[in-house]
């Protein structure tokens, strides 16, 4: 318990600090460029930071003396954890959809991505996340009586709720990720083919294929996000489904103590990937660091 609490404490601290730094950087970029698409990335950083804050409560439980919290206390705590994780996953979907739209309709992108539409999508995202997380609170049938001293997913959530969330939430999100990436790959390959035809005809004039380069960068970012998302959450979801179907087939403590930590690590990978992969974010981070250094 102490080792798990220490791991959760370190992970929560890294998640909160990394995402807070990226969120500040993105706010500066949004003020400079006015890009509406960066709002989805900013929302991803906020959702991941909230994941870190919800884990802090679990850290307190691990280091506190054994106590027997009320059932509704554990249900609400796990509901906040689930809502934050759902918001992070849905934010990844919005980022992928935004990059897909920028590649598929580059000339109409700025007309289609307006402040009103971005705001409506973000509000809808948090409403859906709240519904997913607090569904056991609204539907007592998705709860089960817990006899554990600590709050845990399998201690307060009914297996039917777990299967519903996985089948309705995770797997459709994964399939949507794969579809968007494959479609972007097809569009980028068509762009490359057109540029090669123009160069072969001698009409390129030595101009660099900036549009294709931008498409490839967007595709690379989405591909890395999909890969990390899959590697982080897929083992937890598969093991949890097996656990709900066959209670004796898989020890749930392994799922909660190890595979769930792997899923939480996705909230730490997201800001690190964006700060490394996106050139604008790297430059803004270096400028912020230089400004802090001058003040010090």
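Backbone N, Cα and C define each Cβ position, glycine as well.
It should be emphasised that the depicted structure is a prediction, and the values quoted were computed from it without experimental measurement.
According to TrEMBL, the protein has these features:
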TRANSMEM  6-30  transmembrane segment
DOMAIN    18-274  domain 'G-protein coupled receptors family 1 profile'
TRANSMEM  37-60  transmembrane segment
TRANSMEM  72-97  transmembrane segment
TRANSMEM  118-139  transmembrane segment
TRANSMEM  159-181  transmembrane segment
TRANSMEM  218-238  transmembrane segment
TRANSMEM  258-277  transmembrane segment
Taking pairs 6 or more apart in sequence, does the count of Cβ pairs under 8 Å between the transmembrane segment (159-181) and the transmembrane segment (258-277) hit 3 or more? no
Is the transmembrane segment (72-97) in contact with the transmembrane segment (218-238), using at least 3 Cβ pairs under 8 Å (sequence separation of 6 or more) as the test? yes
Long-range CB partners for the transmembrane segment (258-277) (under 8 A, at least six residues beyond its ends), listed in sequence order, are 7-8, 11, 14-15, 18-19, 21-22, 25, 41, 44-45, 47-48, 51-52, 55, 85, 88, 92, 153, 217, 220-221, 224-225, 228-229, 231-233, 235-236, 239-240, 285
So if I exclude everything within five residues of the ends of the transmembrane segment (72-97), which remaining residues of that chain have a CB under 8 angstroms from its CBs? That is, six or more out. 40-41, 43-44, 47-48, 50-51, 53-55, 57-58, 121-122, 125-126, 128-130, 132-134, 136-137, 143, 146, 151-153, 155-157, 165, 169-170, 173, 176-177, 180-181, 222, 225-226, 229, 233, 263-264, 266-267, 270
Sequence-remote partners of the transmembrane segment (118-139) [C-beta within less than 8 Å, at least six residues beyond its ends]: 36, 39-40, 43, 47, 72, 75-76, 78-84, 86-87, 90-91, 94, 156-158, 161, 165, 169
